[in-house]
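Below is one structure; the comments refer to it alone.
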């Protein structure tokens, strides 16, 4: 299962890998899922991990004094995957057995504290992790767990009939991540008693487990309703907005032959030429930048550097095709596009219909969703002196099914 096109597990693991108090992360996986785990590690950026059947992972913290609350790395997690992300460990037949196997695997590291988190809680926040870690490090508790107050009425039900109502003032819903003294938790797991979570195991052995405030957003994906709620919260936005801008200088045309400039893919006869590395279509360049900006994919210069000879005199429709393909690959299509062309000459109005037709055909959208406007600067500035031409573009993209090869 994925959220925002990424495995559920990846969201929680990323938070743990980037947290300042976490020294190591180890994921417990089903032995039949190792290939999927490895493939995901190799293929995804930012060290996202693939989903595992046993939906939890371990992180360890070394003891730190109060004045030593400093990040593990000031550069973040990038480049540290080999040292911070440990190799996965196979789980057992039950959650508790998998926890025990994970704890056993950490003996060589011998951390002071261990954090156990359900990966099916993708909304764990750095604030929550930090609060738990500080409480544990500062007070040397045996265990610290997050919990939220129970706000609904709680009743005992038998055969769909309410038998009694339970006072809720002292009731709490326990969440993860949960932090414990590593050696004590491991020793109690070796007793092989069955418990629903690790805090229950510690309490059974008369150990004090401190409760701190949890977060409602840190809910567990258990039912279909939970999953639908998570998708609403975490899936990519349905719409994206981008803007683009481009400007080019006019230069004198050489010779007596007719000269043309190209705007929105349409040739316009004019006694000047556009100085540019490509064909100088300012409007298309602005549109390309708007689409790339909406996608978070940089700008036209990053993909088609003017220093590269292969783009010399290149038809700008090639750049527009590229941007449209990028949008499809990321699962977006153009909802509507607004272009403003600013110049004193030539006159744009006679060509607007042809411009709309060219742009809409290239982007594979109806021409009614493309608007082309033209204006002047009332003789002000370099454009007013007819030294060049510029264009602005605004685009709205909407989410469609992503393109899979």
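Even glycines carry a Cβ here, placed using N, Cα and C.
Pulled from Swiss-Prot:
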{"type": "BINDING", "residues": "246, 248, 285", "note": "divalent metal cation binding site"}
{"type": "BINDING", "residues": "246, 247, 248, 277, 278, 299, 300, 301, 375, 376, 377, 378, 385", "note": "4-CDP-2-C-methyl-D-erythritol 2-phosphate binding site"}
{"type": "REGION", "residues": "1-240", "note": "region '2-C-methyl-D-erythritol 4-phosphate cytidylyltransferase'"}
{"type": "REGION", "residues": "240-405", "note": "region '2-C-methyl-D-erythritol 2,4-cyclodiphosphate synthase'"}
{"type": "SITE", "residues": "277", "note": "site 'Transition state stabilizer'"}
{"type": "SITE", "residues": "376", "note": "site 'Transition state stabilizer'"}
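Structure coloured by features recorded in Swiss-Prot.
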residue	record	DSSP (3 states)
246	divalent metal cation binding site	strand
277	site 'Transition state stabilizer'	coil
285	divalent metal cation binding site	helix
300	4-CDP-2-C-methyl-D-erythritol 2-phosphate binding site	helix
375	4-CDP-2-C-methyl-D-erythritol 2-phosphate binding site	strand
385	4-CDP-2-C-methyl-D-erythritol 2-phosphate binding site	coil
Nearest-integer angstrom distance between the alpha carbons (Cα) of residue 248 (divalent metal cation binding site) and residue 385 (4-CDP-2-C-methyl-D-erythritol 2-phosphate binding site): 13
Recorded positions (248, 277, 285, 385), the one with most neighbouring Cβ atoms at 10 Å: 285
Sequence-distant neighbours of residue 246 (divalent metal cation binding site) in its chain (C-beta under 8 A, six or more apart): 282, 283, 285, 286, 289, 390, 391
Close in space, distant in sequence - residue 376 (site 'Transition state stabilizer'), Cβ under 8 Å, 6 or more apart: 342, 343, 344, 383, 384
Count of other CB atoms lying within 10 Å of the CB belonging to residue 278 (4-CDP-2-C-methyl-D-erythritol 2-phosphate binding site): 21
Under 8 Å by Cβ from residue 377 (4-CDP-2-C-methyl-D-erythritol 2-phosphate binding site), counting only residues of that chain that are 6 or more apart: 342, 344, 383, 384
Overall pLDDT of the region '2-C-methyl-D-erythritol 2,4-cyclodiphosphate synthase' (240-405), taken as the mean: 90
Length of the line joining the Cα atoms of residue 375 (4-CDP-2-C-methyl-D-erythritol 2-phosphate binding site) and residue 277 (site 'Transition state stabilizer'), in Å: 25
Site diameter for 4-CDP-2-C-methyl-D-erythritol 2-phosphate, Å, by largest Cα distance between 246, 247, 248, 277, 278, 299, 300, 301, 375, 376, 377, 378, 385: 30
Neighbourhood of residue 300 (4-CDP-2-C-methyl-D-erythritol 2-phosphate binding site), C-beta criterion under 8 angstroms, separation at least six: 285, 288, 289, 292, 319
Between residue 277 (site 'Transition state stabilizer') and residue 385 (4-CDP-2-C-methyl-D-erythritol 2-phosphate binding site): CA-CA distance (Å): 23
